[in-house]
Amino acid sequence: MQISNDPSSHSGSLTMYLSEINQYGLLSVEEEQALARKFVKGDLAAGHRLVTSNLRFVVKVSYEYRSYGIKMSDLIQEGNIGLMKAVQKFDPDKGIRLISYAVWWIRAYIQNYILKSWSLVKLGTTQAQRKLFFSLARTRRELEKFGAGDGAVVNVDEIANKLNVKASEVREMEQRMGGRDLSLDAPMGEDGGNSHVDFVASAAAPQDDEFADKEEAGLINSRVHMALMRLDPRERFIIEQRVMNERPMTLKELGEHFGFSRERARQLEIRAKDKLKAELAALLAEVDPDAAAALQ
C-alpha cells in the first residue's frame, strides 16, 4: 500500500501535512465497509482511501505522547504504520468502526517506537521507572484538567500522591523527560488563534474522538489483541468461543467442533488460557508492570 506517511517529507513540515490530511473526508459506516470489502479482494485504491480518511486520528493519538521528547513527525509516522497494519487486518463484518480497531495498532506502534528510542539513561532500568515513564505525562494532564480550572498548576507532590511514588522519583523522571516537542501547540497564524492540533480535532467525528481519548482502554485492548495473535488458530478459536463470545460454546460443543471429547476440550481450554495470560503479561510488562503482575 503506497502512501506518503512521513510528515517530515512535506516542505512545510507539520503545518502542510495537517492541512493536507484534513482534505480527506471522513467515511460513513457504509462507505467504510464497502471500501474494506474491496480492499480484501485486492483493491489497493480502496485501502489507500481507508488510510487517508483516518490519518487525522493518528495525529490526535500521537499528540497524547508529545511529552516524551520525540519529534511529533516521528510519532505520527509510526502511528501511520500502525494504521496501515490495521487496515490490512480489518474485518468489516465484525460490527465496529475501523478507527476503533485501528487505535489499538496505532498506540502499539507508537509505544514500541518510544521504548526503542529512549535510552536506558532516560527511561530507567527498573519496572517502577518504566511504569512511571508512561504514567507521568498522562497523570499531569489529568490533574490539570480536573484541577482548579484551566491552566491550574499541578505540583510534584500531587503527582507523586496520585501515582503512589516519592516526589523525588517524579522530579528525577521529569528531568529525564525534558525537551518535549511543542510544534502542534504552536498557533497556526500570527493572530495567535487555534493551534494545529485544534485544527485536527475540530474535524474529528465526536464518537471516534471520544474513543480515541480513552487511553487506558485502548492500551489494554491493543495488548489483548496482540496476545491473541500470538496463539495458534485453534487456541485463538477456543479463547474467542469460550471467553470472548457473548454466547460461549459449551465444552461439549467445542469438542464436537474439533472431533474430540469434552475432557480433551477442557484440557485444551486451560492450556489456551494459560498461554494467553503468559503472552498478555509479557506485552503489558512493557508499559504497566502492575497489570502484568496481576496476571501471574
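Our numbering is plain: 1 for the first residue shown, then up by one each step along the chain.
Here the Cβ of each residue, glycine as well, is placed from N, Cα and C on the backbone.
Per Swiss-Prot, the listed range annotated as DNA-binding region is 251-270 (candidates: 111-130, 231-250, 251-270). Here Swiss-Prot gives motif 'Polymerase core binding' for one range in the set 74-87, 200-213: that range is 74-87. A Cβ distance under 8 Å defines the sequence-distant neighbours of the DNA-binding region (251-270), meaning residues of its chain 6+ beyond its ends; these are 234-235, 238, 241-242. Sequence-remote contacts of a segment are chain residues at least 6 beyond its ends whose Cβ falls under 8 Å from one of its Cβ atoms, and for the motif 'Polymerase core binding' (74-87) they are 1, 3, 5-8, 17, 36, 39, 47, 50-51, 54-55, 57-59, 61-62, 65-66, 98, 101-102, 104-110, 112-114, 117.
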